[in-house]
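**Student:** I'd like to ask some things about the structure below.
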Amino acid sequence: MENVSKTKMVEAPEGIAGEGFFATRFDSVIGLARANSLWPLPFATSCCGIEFMATMASHYDLARFGSERVSFSPRQADMLLVMGTISKKMAPILRQVYEQMSEPRWVIAVGACASSGGIFDTYSVLQGIDKVIPVDVYVPGCPPRPEQIVDGVMHLQELVKNESSRRRNSDEYKELLASYNIE
Amino acid sequence: MALDTLEIQNKLQEAFGQKVNHFRTEYGVFVLEAEANSIVEILQFMKEDKTLNFHFLTDLCGVHYPENENSEQFCVVYHLHNWFTNTRIRVKTFISGTQPELPSITSLFESANWMERETYDFYGIIFTGHPNLVRILNMDEMVSFPLRKEFPMEDSGRTDKDDRFFGRTINNC
């Protein structure tokens, strides 16, 4: 018994298994693959970024969820993590980073400032990044603990797993991007 | 070899007469008020005079006094430092609210460039003769001068924040 690996594998999607074959939906396989290899792009401007560093480090180890490789180029990233206060002057830059990511792309707003402006209810601060880009998951907290960030990532994994592979071509999605004036 | 405040006062009054006034010491720093139109000459004298030797511009900033009468609505404060005798001094100059204009001192101190841009950015004070007077900290699209008291601190575009949850009522904000 000592030789049994403690490695926890992800569960196979619903399907029909037989001797030497396994049949399931194409969407579920793609969803499974995507959800367990989300490459994060950290956009950290303040204290939430420090919490994210703890999340990435050995103790909390976001790599367990397939987010081993932190991408510092938007072009190779799937998951944009916006952490910290975004000033209005920074908003066009954040938007440009989002536009440079290739589809499919997801966004997590980490912390109160990224979600709503937080305590900075003032003329110079963007009142939530959803004013300039669409957001999939909001993580509350000021700053959130690494557990909360991991929880946010796991919620996103659920979204990714269940996303239809046609969603990005749907009229609804195009309408959403159009409402943000993103091509 | 300390620089005596009385000596500074005498030197300046001798050179500029009534253009420099209200000499006093506040919070341990010698303060004087200078006339806006002659500010460049006064600061140049303070910088180049062999005894005064205030050769370092520590800070330059604006203040808005909404209670003052219109001719003294805005104030620009210059903090100067003499490194040799370690003497600091503050020069205040008042300008009008309807036409907040002041000559730039970028010809005297290169470091005044960004500080004057900052003061313009927050108070809308025009520094005539400045080589590039554009916003420096706030976004370019901004139309207000946010540290003027008539502009509210809050973002006027906010939609999802209820004042009651932030401890604000009509009476306490």
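Heads up, the Cβ atoms here are built off N, Cα and C, so glycines get one too.
The [4Fe-4S] cluster binding site feature in TrEMBL is assigned to A:CYS47, A:CYS48, A:CYS113, A:CYS142. Residues annotated as domain 'NADH:ubiquinone oxidoreductase-like 20kDa subunit' in TrEMBL: A:47-156.
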**Student:** Under a criterion of Cβ-Cβ distance under 8 Å and sequence separation of at least 6, what residues of the same chain contact A:CYS113 ([4Fe-4S] cluster binding site)?
**Tutor:** A:SER46, A:CYS48, A:GLY84, A:THR85, A:ILE86, A:ILE119, A:PHE120, A:VAL125, A:CYS142
**Student:** Counting Cβ atoms within 10 Å across all protein chains shown, which of the binding-site residues A:CYS47, A:CYS48, A:CYS142 comes out on top?
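**Tutor:** Going through A:CYS47, A:CYS48, A:CYS142 one by one, the largest Cβ count within 10 Å is at A:CYS48.
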**Student:** Could you give me three numbers for the domain 'NADH:ubiquinone oxidoreductase-like 20kDa subunit' (A:47-156), the DSSP helix, strand and coil residue counts?
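**Tutor:** In the domain 'NADH:ubiquinone oxidoreductase-like 20kDa subunit' (A:47-156), the DSSP-based counts are 47 helix, 15 strand, 48 coil.
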**Student:** Note the Cβ centroid of A:CYS47, A:CYS48, A:CYS113, A:CYS142, the recorded [4Fe-4S] cluster site, then list each other residue of that chain whose Cβ lies within 8 Å of it, in sequence.
**Tutor:** A:SER46, A:GLU51, A:MET83, A:GLY84, A:THR85, A:VAL110, A:GLY111, A:ALA112, A:ALA114, A:GLY118, A:GLY141, A:PRO143, A:PRO144
**Student:** Taking every residue in the domain 'NADH:ubiquinone oxidoreductase-like 20kDa subunit' (A:47-156), what is their average pLDDT?
**Tutor:** 92
